[in-house]
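Below is one structure, written out as structure tokens, with a few remarks after it.
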Protein chains: 2
Amino acid sequence: MSWVQKQIDKRCVENIRMLVVDAIQEAKAGHPGLPLGMAEVGYVLYRKAMRHNPRNPKWFNRDRFVLSAGHGCLLQYICLHLSGYSSVQIDDLRKLCKLGSRTPGHPENVTTDGIETTTGPLGQGVANAVGLAIAEKHLAARFNKSDCTIVDHRTFCMMGDGCAMEGISNEAASLAGHLKLNKLILIYDDNHNTIDGDTSLAFSEDVPLRFQALGWKTIDVEGVYDDLGTFESALNEAYQELEKPILIRVKSKIGKLSKKEGTSKAHHGTFDDEDVKGMRDAAGWNNRDPFYVSPLVYKEFEQQIKQGQALEDQWNTVLAEYVEKYPSEGDMFIKLVNHQLPEDWRKSLPTFSTDDPVDATRGYSEKCLNALASTLPGLLGGSADLAGSNKAYLKDAGDFNSGSPWGRNIRYGIREHAMAAISNGLALHGSGLIPFAATFLVFSDYMKNAMRLSALSKAGVLYLCTHDSIGLGEDGPTHQPVEQLIGLRAIPNMYVFRPADGNETAGAYMAAIKRRNSPSVIALSRQKVWANIAGSSAEKVERGGYIVSDNSDGRQPEIIIIGTGSELCLCESAAQRLREENRKVRVVSLVCWELFNEQDDDYRKSVLHDHVERRMSVEAGSPLGWREYVGSKGQIMGVSTFGESGSYLDVFEKYGFTPENVLNNALRLLS
Amino acid sequence: MSWVQKQIDKRCVENIRMLVVDAIQEAKAGHPGLPLGMAEVGYVLYRKAMRHNPRNPKWFNRDRFVLSAGHGCLLQYICLHLSGYSSVQIDDLRKLCKLGSRTPGHPENVTTDGIETTTGPLGQGVANAVGLAIAEKHLAARFNKSDCTIVDHRTFCMMGDGCAMEGISNEAASLAGHLKLNKLILIYDDNHNTIDGDTSLAFSEDVPLRFQALGWKTIDVEGVYDDLGTFESALNEAYQELEKPILIRVKSKIGKLSKKEGTSKAHHGTFDDEDVKGMRDAAGWNNRDPFYVSPLVYKEFEQQIKQGQALEDQWNTVLAEYVEKYPSEGDMFIKLVNHQLPEDWRKSLPTFSTDDPVDATRGYSEKCLNALASTLPGLLGGSADLAGSNKAYLKDAGDFNSGSPWGRNIRYGIREHAMAAISNGLALHGSGLIPFAATFLVFSDYMKNAMRLSALSKAGVLYLCTHDSIGLGEDGPTHQPVEQLIGLRAIPNMYVFRPADGNETAGAYMAAIKRRNSPSVIALSRQKVWANIAGSSAEKVERGGYIVSDNSDGRQPEIIIIGTGSELCLCESAAQRLREENRKVRVVSLVCWELFNEQDDDYRKSVLHDHVERRMSVEAGSPLGWREYVGSKGQIMGVSTFGESGSYLDVFEKYGFTPENVLNNALRLLS
């Protein structure tokens with residue numbers, strides 16, 4: 001490399017550091033430790049290594065970068081700005097951590113173009129990156145032709161000691177090793193510090209050896225501050241690897257250049273004046289205004305814009321050739337990446353009549369999922385080792401693995417948390433993939449933070465959560481969900497469906513698949529429901545709640561019984577018996593609270609009249625939240641304690657979920 | 001070993017296998033795969049290796065055994081039965097998975113004596129075992145004398161591939177290696193099968209190498225079916241290790257003896273008749289009734305009762321000597337293990353007046369926690385690398401680590417899930433330890449399943465969850481809890497406190513510490529609250545909700561404003577301004593829903609009159625669940641979307657949490 005270029009590189013890195021200091025001082029908040037320590041790495045990635053087009057952050061074939069150590073986002077914001085992304089102007093750097101800014105305290109894909117996934121909760125980004133790398137490998141296998149490569153990018157991820165300690169990253173890395181994701185490059189900012197102090201407080205494992213045990217290639221980088229080439233060589237070595245994902249450990253200094261360098265004090269917070277002066281002096285920056293960017297630096301990065309645009313142009317040419325040569329695959333590819341669902345995709349879903357044999361709703365789900373597999377080419381996913389129990393296997397779609405990356409069933413192993421965060425990566429790859437992730441409802445607890453991030457980052461993941469109540473039976477209270485439904489319903493932008501029968505299950509799929517910017521949970525029973533209910537409806541699921549049956553004139557039922565899922569049958573059964581005694585009874589299915597709450601006032605009141613004070617809910621889960629629907633004088637039948645091991649019918653009886661008990665409660669309410 | 005003993009051993013193991021088959025066939029449910037595959041290991045542990053007293057399952061100095069692969073509990077039930085534990089009679093084996101039995105589908109410490117912790121959700125038991133081993137190491141360091149050893153036991157844990165894949169077990173194992181827990185022995189049932197099939201579907205890492213990277217010694221055992229000595233030698237080797245925890249990998253066959261041996265089909269479910277016949281024939285069991293136990297087998301295990309009793313007697317002698325020689329430590333030890341809280345422990349808690357400088361509730365918490373540290377010798381715990389932010393450090397108590405195991409601050413590293421499950425182990429060690437576990441409230445998401453298991457297994461863990469709302473500010477929506485409070489409130493047997501000021505924080509500690517069979521969450525603010533409120537009360541926290549101020553005659557406020565935590569000040573401020581306009585206003589603190597719900601009807605109605613329909617709640621969290629308290633006509637001020645990055649005041653203002661907005665909402669409700 002020329003002497004001149006080395007000087008330019010040095011200046012660029014210095015400028016990154018100065019912007020870090022300026023932004024932190026201006027914000028009086030934020031995390032300078034990683035940005036200062038990894039400025040060289042950020043620079044090499046954005047200016048030299050990654051194939052990306054700043055003028056089109058959504059260019060399909062770009063290399064992906066995920067900052068799993070999300071608190072270090074200032075580094076990424078600065079690199080995005082210097083590279084020419086319009087999403088981060090110099091003024092945005094001035095607004096770090098300010099309300100309404102495009103530079104929030106942790107990186108958010110929904111706020112800032114150029115950010116791939118929303119990170120901050122540690123370890124999530126590593127799993128997101130595994131998802132992105134799976135998406136690439138899968139699509140490459142499905143679409144690339146020997147003479148035409150349209151899917152071909154790397155996935156870079158940066159993690160710190162925190163990410164390395166979190167269990168989710170080990171789960172994700174273990175799977176990545178198993179799947180031989182050789183285009184995944186994980187950069188470990190090994191700075192030996194966490195918030196509480198030196199890592200020796202709590203962390204003395206041999207991280208590279210662990211990754212080797214997981215099937216990774218590992219490379220150590222020392223001396224990056226003196227020579228960018230050390231890191232560039234590591235990348236070049238990584239590119240040669242054809243079998244394994246790669247961990248590059250960069251020995252770094254947190255807060256490099258500051259007085260706090262090498263200590264946990266550099267992790268977050270501002271610098272004192274003397275420290276700022278010292279850093280500016282060291283960079284030869286003492287007479288410059290805050291947020292100064294050297295023209296030399298902008299000029300260097302301008303090349304990125306040209307190179308990025310050239311890469312995209314080149315790719316567009318190849319894509320055009322592809323579409324010409326392979327019109328059917330080309331058409332599918334273009335529809336996929338444009339997030340166009342096939343017309344009439346809903347029509348593939350099965351319909352059910354009262355004469356059909358009854359099944360568990362997980363059984364209906366299996367039919368729906370497999371029907372959709374044929375019409376939705378982007379549908380793929382898997383289970384955390386419960387494919388059979390969850391009935392979440394695409395029968396004709398093969399397993400995704402290193403030997404058959406075109407397969408659409410991902411065997412996640414017993415790694416729920418990683419499964420959910422990998423699913424976020426699959427969804428946020430932006431290629432029209434519709435990931436599903438299946439496990440028992442109770443184990444949504446293991447996935448909770450990643451599910452929350454699905455909602456926050458608008459990743460339309462489909463969570464198939466079977467064994468959805470104490471009706472699970474013998475496995476007992478550790479496996480019987482009680483409080484999970486309300487916990488999931490409380491997540492903003494999450495839709496929770498609890499269908500009662502075949503048609504409602506189909507309806508839940510319709511509503512969930514349609515919402516590509518929101519994750520959904522479909523809660524499904526282990527046990528058979530008792531009927532395909534005459535008044536149930538796939539279409540009406542879209543309204544969240546609707547009248548299933550009513551023998552009043554429609555305005556004056558004496559009582560409204562509201563049920564969800566496997567308990568809706570109990571409501572219908574009790575209602576029938578009440579009607580035999582000439583009672584006017586309405587049964588309502590409240591299959592999705594969130595959708596019902598979105599309906600207008602008139603509709604909601606037409607289903608749950610205020611003036612009918614005798615309202616009762618029946619759901620084998622926590623009673624919390626139901627007061628909203630039954631009103632002050634209503635009654636809630638729920639489960640307020642943990643469940644118990646026993647046969648499903650014994651357990652349901654003990655907890656009061658029998659037609660008789662629903663009837664008796666209704667009669668008490670009516671009396 | 002004698003030829004005779006080998007025959008006896010063989011017969012015992014055969015009998016265990018036959019009981020597995022009988023119990024599964026009778027239950028038509030359950031998991032035979034592990035019990036059949038690990039019968040030899042179970043036998044050696046219960047009959048030869050572990051120091052335990054079947055006549056006193058709670059003997060303090062017993063070796064602990066945790067079955068992390070909890071679905072294999074039938075093996076443990078059988079071993080408990082044969083060893084002579086009265087908790088598992090032969091009839092209990094007949095009732096496997098039946099409602100009300102002492103042999104539920106997964107092992108529950110609260111149901112069956114001899115079970116140490118409740119397991120089933122995979123990986124939890126590994127972390128529980130780390131907690132048990134920490135408890136032992138800590139108490140040994142604090143109490144043992146050079147001439148008197150009263151704390152000295154091993155912790156055994158059995159895990160399968162599922163536990164090995166779960167991230168929580170890696171977190172726990174990494175910490176165990178760091179802490180050099182050499183008396184922890186983890187037995188890995190390496191049977192190469194999970195529910196969905198061969199582990200090659202999803203799991204190809206080198207588990208022993210990973211554990212070596214985590215600082216463990218690893219030992220492989222092959223051929224245990226032919227020679228129990230292979231496993232016994234491994235144990236003896238493990239006992240020699242003084243620096244590292246030990247992983248013993250046992251190469252096993254799932255469902256050993258069955259036609260399904262070595263396949264995932266053996267994981268759960270019954271056997272066909274031919275298979276049963278074949279297994280019985282192989283064991284020479286064909287003419288025997290189901291649930292037959294050979295007298296030879298009972299006789300062999302009878303020795304365990306004698307040996308166990310002798311061990312306990314011996315220990316009692318040493319303890320008596322200890323108490324005589326070291327009366328003060330002896331007194332403390334005996335009080336601890338008898339779970340006696342010191343008299344007047346509450347008095348150490350600080351009190352606050354309106355004149356005191358205001359602080360964040362996490363600041364008040366720090367004072368309370370440190371005050372309690374001096375009066376509660378069992379109090380110990382730590383944070384997941386946020387000790388400073390959580391203000392959860394016992395200032396005079398030192399760090400627990402391999403060099404100073406007497407320290408009472410555990411540096412958990414960035415391992416929230418393991419922290420919670422380790423805390424369960426600390427609590428369930430049964431030695432009077434009161435563990436606290438601290439992190440940001442939003443990261444309760446990472447801990448959720450372990451927190452649920454605290455509640456289910458009656459582990460009185462104290463969760464200190466700071467940064468408890470959007471008031472967290474700059475770190476943004478990934479770090480701002482919204483739906484966490486309602487999710488935690490929904491867990492049965494979990495108490496969630498959200499104190500408003502210094503006195504309520506002290507009250508939350510009083511109520512939480514008192515409840516040794518229930519976990520608690522204390523949600524604490526990052527930002528300073530605005531006042532120590534005149535009407536707040538530490539004692540009244542025990543009632544969950546109470547009147548803070550009221551200028552009506554006490555029966556007829558025009559409006560009741562209900563707040564929690566940092567928002568209670570806003571309620572008081574709005575109330576003052578309303579009162580200036582001659583409105584009759586009551587302010588209620590609903591600091592703990594669960595405690596309030598436990599009060600009698602009269603009390604609850606005296607605080608929240610039904611006839612006052614204008615009720616309003618103010619809490620910077622999900623509105624879900626509040627309808628119960630405000631009634632159909634009331635108003636809920638909450639947060640229905642995710643938060644945003646920005647300064648605390650900017651964010652609070654945007655989301656409506658200002659005195660003005662509370663006032664305006666109250667005025668609207670009054671109009």
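Backbone N, Cα and C atoms are what each Cβ position is placed from, and that goes for glycine too.
Lifted from TrEMBL, the feature list:
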type     : residues                                                      : note
ACT_SITE : A:E416                                                        : active site, proton donor
BINDING  : A:H31, A:H267, A:R362, A:S389, A:H467, A:D475, A:H479, A:R526 : substrate binding site
BINDING  : A:H71, A:G120, A:P121, A:L122, A:G162, A:N191, A:H267, A:F443 : thiamine diphosphate binding site
BINDING  : A:D161, A:N191                                                : Mg(2+) binding site
DOMAIN   : A:359-531                                                     : domain 'Transketolase-like pyrimidine-binding'
SITE     : A:H31                                                         : site 'Important for catalytic activity'
SITE     : A:H267                                                        : site 'Important for catalytic activity'
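Checking the binding-site residues A:H31, A:D161, A:N191, A:H267, A:R362, A:D475 against chain B with a Cβ-Cβ cut-off under 8 Å leaves A:D161, A:D475, in sequence order. Rounded to a whole value, the Cα-Cα separation of A:H267 (substrate binding site) and A:P121 (thiamine diphosphate binding site) is 16 Å. Here A:F443 (thiamine diphosphate binding site) is positioned 14 angstrom away from A:R526 (substrate binding site), judged by their C-alpha atoms.
Contacts of A:F443 (thiamine diphosphate binding site) defined by a Cβ separation under 8 A and a same-chain sequence distance of 6+ are given as A:A384, A:E416, in order along the sequence. Applying an 8 A CB threshold to same-chain residues 6+ apart, the list for A:G162 (thiamine diphosphate binding site) reads A:A69, A:L122, A:G123, A:T194. Note on proximity: among A:H71, A:G120, A:N191, the binding-site residues of the record, the Cα nearest A:R362 (substrate binding site) is that of A:G120. For the pair A:S389 (substrate binding site) and A:D161 (Mg(2+) binding site), the Cα-Cα distance reads 36 Å. Annotation: A:D161 are the binding-site residues among A:H31, A:D161, A:H467, A:D475, A:H479 whose CA atoms are within 10 angstroms of the CA of A:N191 (thiamine diphosphate binding site). Rounded to a whole number, the distance between the Cα atoms of A:P121 (thiamine diphosphate binding site) and A:H467 (substrate binding site) is 28 Å. Neighbour density for A:H31 (substrate binding site): within 10 A of its CB lie 28 other CB atoms from the protein chains shown.
Sequence-distant contacts of A:P121 (thiamine diphosphate binding site), defined by Cβ-Cβ distance under 8 angstroms and a gap of at least six in the same chain, are A:G70, A:N449, A:L453. The two recorded residues A:H71 (thiamine diphosphate binding site) and A:H31 (substrate binding site) have their Cα atoms spaced 6 Å from each other. In the predicted model, the domain 'Transketolase-like pyrimidine-binding' (A:359-531) has a mean pLDDT of 98. Reduced to three states, the DSSP call for A:F443 (thiamine diphosphate binding site) is helix.
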